[in-house]
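Enquirer: One structure follows; several queries about it will come next.
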Amino acid sequence: MAETNNECSIKVLCRFRPLNQAEILRGDKFIPIFQGDDSVVIGGKPYVFDRVFPPNTTQEQVYHACAMQIVKDVLAGYNGTIFAYGQTSSGKTHTMEGKLHDPQLMGIIPRIARDIFNHIYSMDENLEFHIKVSYFEIYLDKIRDLLDVTKTNLSVHEDKNRVPFVKGCTERFVSSPEEILDVIDEGKSNRHVAVTNMNEHSSRSHSIFLINIKQENMETEQKLSGKLYLVDLAGSEKVSKTGAEGAVLDEAKNINKSLSALGNVISALAEGTKSYVPYRDSKMTRILQDSLGGNCRTTMFICCSPSSYNDAETKSTLMFGQRAKTIKNTASVNLELTAEQWKKKYEKEKEKTKAQKETIAKLEAELSRWRNGENVPETERLAGEEAALGAELCEETPVNDNSSIVVRIAPEERQKYEEEIRRLYKQLDDKDDEINQQSQLIEKLKQQMLDQEELLVSTRGDNEKVQRELSHLQSENDAAKDEVKEVLQALEELAVNYDQKSQEVEEKSQQNQLLVDELSQKVATMLSLESELQRLQEVSGHQRKRIAEVLNGLMKDLSEFSVIVGNGEIKLPVEISGAIEEEFTVARLYISKIKSEVKSVVKRCRQLENLQVECHRKMEVTGRELSSCQLLISQHEAKIRSLTEYMQSVELKKRHLEESYDSLSDELAKLQAQETVHEVALKDKEPDTQDADEVKKALELQMESHREAHHRQLARLRDEINEKQKTIDELKDLNQKLQLELEKLQADYEKLKSEEHEKSTKLQELTFLYERHEQSKQDLKGLEETVARELQTLHNLRKLFVQDVTTRVKKSAEMEPEDSGGIHSQKQKISFLENNLEQLTKVHKQLVRDNADLRCELPKLEKRLRATAERVKALEGALKEAKEGAMKDKRRYQQEVDRIKEAVRYKSSGKRGHSAQIAKPVRPGHYPASSPTNPYGTRSPECISYTNSLFQNYQNLYLQATPSSTSDMYFANSCTSSGATSSGGPLASYQKANMDNGNATDINDNRSDLPCGYEAEDQAKLFPLHQETAAS
């Protein structure tokens, strides 16, 4: 039911595109002059529209200025239409579609798709929306479904409200802007386009994108519906400009024919006086009948070219827009009343009918009093408004003007006349009703006859089409079976490949684990070595302290002994001092040897640097010679080309001379024949013989002179050709020689380059050795200083010890030598102390050696530590690469799974092509239940189980790789102990899956009622998945 009628005019907007490159190169002028926002002047004549857009207007400005309001109207229950009309290459498709996925350049259709859902999400949550779209084109005056290319000749019918619609057109239910854009992309790829002289992407058909929106208030049960037609008309063409021919020419004829029918409809509606509007002249005007003068709010874009080259077409387009601006539409809300509203309306109409019946009864009573000759006073008469209402209600009942005349007749005759009048009135009413019924029946039969004719034609076409497609469908059935077998085989191969990849990933994981274990062992070894080094250092320090304490104690004992013994000389450990001095000398010799080696290495490095500079200089000289040779070769090649061209011209001249020679020979033969004729004639005419001889001699002399000149010219040309040939041969030899020299120079250059590379490598090695020698030199210098300090300290201690012992011995000798028995014990004690001193000296020497060994071992340990750190970094990099490889394999397998899902979905959708669609309700304030990866909201069971098994294996790998990152897993509560034990090949292990409740759950679906794909006695357990939220 429709109510709330509003009369509105068609909104006409004019848009000019910029001059294109071809028009700029042709020098066309920019002819429009813009006056304000609603007027443009072409050729001195102003044209006024609702809005005029100059060339610098952006797509967003166009949409906000005129197309945004129509979205609100459609959501409020009105029908809407947006046209794009104009000549070819005027920017219609750019205005309607633009670049679909570019936020700046997208046209009206993608912006409307986005805006519809933005409005829905901001509306009351009690509203539920059902949105379906269809996309078709009118090509060669045939309706072709762009979403199902097998439907090539659809027919136009009318619904119960006599609104035209395309029967059998594919309708897709959508729940997000991305799904609408996917539908547009699919239809756009099937639309007919061609290349013409005026447009590289010329549309060869009229496209209509229909959005049907139905909404229902869940509380009040009120239902509204609105349709939005988005029409991109093909441009009118002038064959002389587009250069159309062949099939493109036939397309242009049909385009111009349908646009002419549209112009006739616009003209008939603009005049307003014609009772017949030719909607049926074209299928396009038939489909858009409601948009032109019907129940719709229509906006028309007239797209124009600003070039002076298209002046006539631009004026015609502007005049078309002015005519369309005068058309009036009657837009009304498409409202379906609820039972309560129908009840209220029925009660209201019932009360109105009751009041009208009471008024009629009063009027009939007053009329009967007048007919009876009674005079009705004014107080008893009905009021004017009630009388007018009664007249409106009873206007179908004719009243005799003479009935108010008072006639005195008998009551019986009056009653007889009244009955006769009532009978006649009743017959008259019956006849009127019968006439109306018959006229309605005639109209209905006419319409049924037209519908039957159309149905007969379409049925014949459908019958032929069905007969043609029957065999095609049989072949397609066989092909589909083969494709199913191929898909199953591909799935089996994919399963085998997945097993192999899984094994490879497990091997990589094991290798990574081994490397991690090795790394931990290396780290533990390094820590133990560090602790051992620290312990040795502590032991060395402790021993040094002990040696110092022992020396101090020894000094005390010797001082006491010198007091007791006297001035006896003490034998010093000369062998120890000699050993220390010998070791020090060996160290000095080793250091001097290293210095000499370093000097020789530095000298060798300098020589190599000089040699490298010399090689670079030679390479530069060789490069310059090579470039000069290449220049000389290019010059000789140019000279050879010029000589070749000259030879060709000489050959051509020679050919011309030979042709002229042949023509002269022919002329000579003709002259000889004529001479023979003349000789014969001269025999008859002897008086003229002398003249003929003179003529003959003259001709012979002339021919001889021509022949000699020709021979001279031929000889001269032959000589020139021989000279040029010699020159060419010499140049070829020279070119070959230069080519050989160039190859030789290139070989020398490559050789020098390789030598330079080898020398640079050696230089790098020597530099590395030099750096190592410098480091060793520094280490040895430090070691030498440390040893020198230790030896100096030890030498000083020995000197002090010897001096102290000597002084004490002298003092003890000066004392009384009476106790001779104690001297022997004292000597034994001195020898004991000397032995202890010798042992301490050996221990000190051993500690110095150990220290030197540790210093030598320290760089090795540091190098090993660096190598271990590098190994750790390499292992970390390998681990990271393994993770990335696993993720890439995961994405690749996911893409393969999506492709297989799409193939299975396409097959299943092809099988259920004629079944009912399931609407996907859209609630305001919520996001769609489906995602871009799941556009139809369903998944085949095979793909569900296979995808779940894939993701479960990836979860296990991810758990092995990163056991600590449990918050980023795709699954929860993974039952890793359950394995697949089903049979039926590699594919069956991925297809047979169940949960505790026996249902398989798709990871991209938020439903839990999908049936399991394959039933078996022993099914593998399916891992429970997280349910996706509506926002994802």
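Including glycine, each Cβ sits where the backbone N, Cα and C put it.
Straight from Swiss-Prot, here's the annotation block:
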DOMAIN    9-327  domain 'Kinesin motor'
BINDING   G86, Q87, T88, S89, S90, G91, K92, T93  ATP binding site
COILED    331-906  coiled coil
REGION    906-939  region 'Disordered'
REGION    907-1032  region 'Globular'
REGION    978-1010  region 'Disordered'
COMPBIAS  978-989  compositional bias 'Low complexity'
Enquirer: Minimum Cβ neighbour count within 10 Å among the binding-site residues G86, G91: which residue?
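Expert: Counting other Cβ atoms within 10 Å of each of the binding-site residues G86, G91 gives the minimum at G91.
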Enquirer: Counting Cβ atoms within 10 Å across all protein chains shown, which of the binding-site residues Q87, T88, S90, T93 comes out on top?
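Expert: Ranked by Cβ atoms within 10 Å, first place goes to S90.
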Enquirer: Hey, what's the Cβ neighbour count for K92 (ATP binding site) at 10 Å?
Expert: 26
Enquirer: On the 0 to 100 pLDDT scale, where does the coiled coil (331-906) sit on average?
Expert: 74
Enquirer: Helix, strand or coil: which one is K92 (ATP binding site) in, per DSSP?
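Expert: Once the DSSP labels are grouped into three classes, K92 (ATP binding site) ends up as helix.
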